[in-house]
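Straight from Swiss-Prot, the features:
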| type | residues | note |
| --- | --- | --- |
| BINDING | Arg48, Arg54 | NADP(+) binding site |
| BINDING | Arg125, Ser126, Ser127, Asn238, Ala239, Gly278, Lys293, Pro294, Thr295, Ser296, Ser297, Arg319 | FMN binding site |
Amino acid sequence: MAGNSIGQLFRVTTFGESHGTALGCIVDGVPPGLPLTQADLQVDLDRRKPGTSRYTTQRREPDQVRILSGVFNGVTTGTSIGLLIENTDQRSQDYSEIKDVFRPGHADYTYEQKYGLRDYRGGGRSSARETAMRVAAGAIAKKYLKQKFGIEVKGYLSQLGPISCELVDWSIVETNPFFCPDPSRLDALDEYMRALKKEGNSIGAKVTVVAEGVPAGLGEPVFDRLDADLAHALMSINAVKGVEIGDGFDVVTLKGTENRDEITKEGFSSNHAGGVLGGISSGQPIIAHIALKPTSSITIAGKTLNRQGEEVDMITKGRHDPCVGIRAVPIAEAMMAIVLLDHALRQRGQCGDVIPPLMQW
């Protein structure tokens with residue numbers, strides 16, 4: 001299987017399956033001298049891990065990460081950083097009934113068609129369990145970006161089903177299980193999720209991720225444009241079916257006079273572009289949105305085929321998230337941070353001596 005790595009100078013390679021022995025990753029390109037401990041990574045892993053609220057899967061994984069290499073005396077050495085998380089709460093028997101049946105809306109059918117076989121236990125490599133390692137690697141990127149470049153990456157749930165969540169207060173995002181920035185929507189979210197769970201159904205969501213403090217100049221036209229790489233990274237997250245940068249698809253209804261981000265001596269008058277112009281960061285906040293589909297692992301019967309080509313009805317058993325978007329916030333942050341650090345290092349390597357002719361606001 002190819003496609004397990006992302007990045008050029010800052011490069012992340014993950015391995016492992018949902019019900020395998022462990023998950024792991026190799027992080028290459030971390031400059032030496034960055035103070036780094038397990039606790040630095042655990043903060044974001046705890047934000048992503050399952051079983052933390054009634055609104056997420058009840059699979060209980062501690063997700064305790066181990067740093068195997070690349071750190072000595074509490075600082076990075078510049079060599080490859082090896083990370084490992086052991087799986088401890090697998091219930092493979094929950095999936096024994098689907099080993100010969102293709103769950104609709106899942107990767108079962110496509111993996112079998114591509115490889116001729118599949119690990120049916122929790123989806124194997126296609127499971128979102130893999131994203132734990134992205135979050136661990138992303139925590140390294142987030143720390144370096146903040147310490148060395150003053151860049152901060154953070155995200156929030158901006159919509160769950162029909163309920164929109166406006167950015168009212170960043171400070172409350174980490175105080176509720178939805179990562180919602182609007183306190184007036186918490187009761188509605190709770191009521192909606194309770195009804196959804198009773199129904200045995202699932203729902204989609206929208207997550208917004210923002211990077212502040214990004215300098216102008218990141219991005220490598222034409223094929224490694226910053227927005228192109230961000231879209232690629234965010235689209236690689238399980239269940240993501242759409243990515244928007246800035247105003248995204250809303251620009252279809254805008255006129256040029258409305259969409260252009262005019263420039264004055266005080267700076268940009270707006271940020272419809274989401275902080276990227278011509279594939280290069282403008283110095284404004286980078287803003288991206290992702291749309292996540294509702295999981296097909298629900299307790300309502302649906303039609304599918306088995307390996308013999310026979311039509312069957314099936315109900316997915318096991319422990320699943322009724323809304324995968326809730327736990328996607330730290331994953332989206334991680335993917336944006338990985339891309340930004342890769343481009344920051346590339347910019348420093350090629351254009352580190354360039355003096356911008358204009359000030360950055």
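Cβ from N, Cα, C; glycine included.
Where Swiss-Prot records a feature, it is marked here on the structure.
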{"residue": "Arg48", "record": "NADP(+) binding site", "Cβ contacts under 8 Å, 6 or more apart": "Asp63, Thr131, Ala132, Val135, Arg327, Pro330, Ile331"}
{"residue": "Arg54", "record": "NADP(+) binding site", "Cβ contacts under 8 Å, 6 or more apart": "Pro177, Met193, Lys197"}
{"residue": "Ser127", "record": "FMN binding site", "Cβ contacts under 8 Å, 6 or more apart": "Glu17, Ser18, Asn238"}
{"residue": "Ala239", "record": "FMN binding site", "Cβ contacts under 8 Å, 6 or more apart": "Ala128, Leu292, Lys293, Thr295, Val324, Gly325, Ala328"}
The number of other Cβ atoms within 10 Å of the Cβ of Ser297 (FMN binding site), counted over all protein chains shown, is 21
Three-state secondary structure, which DSSP defines for Arg48 (NADP(+) binding site): helix
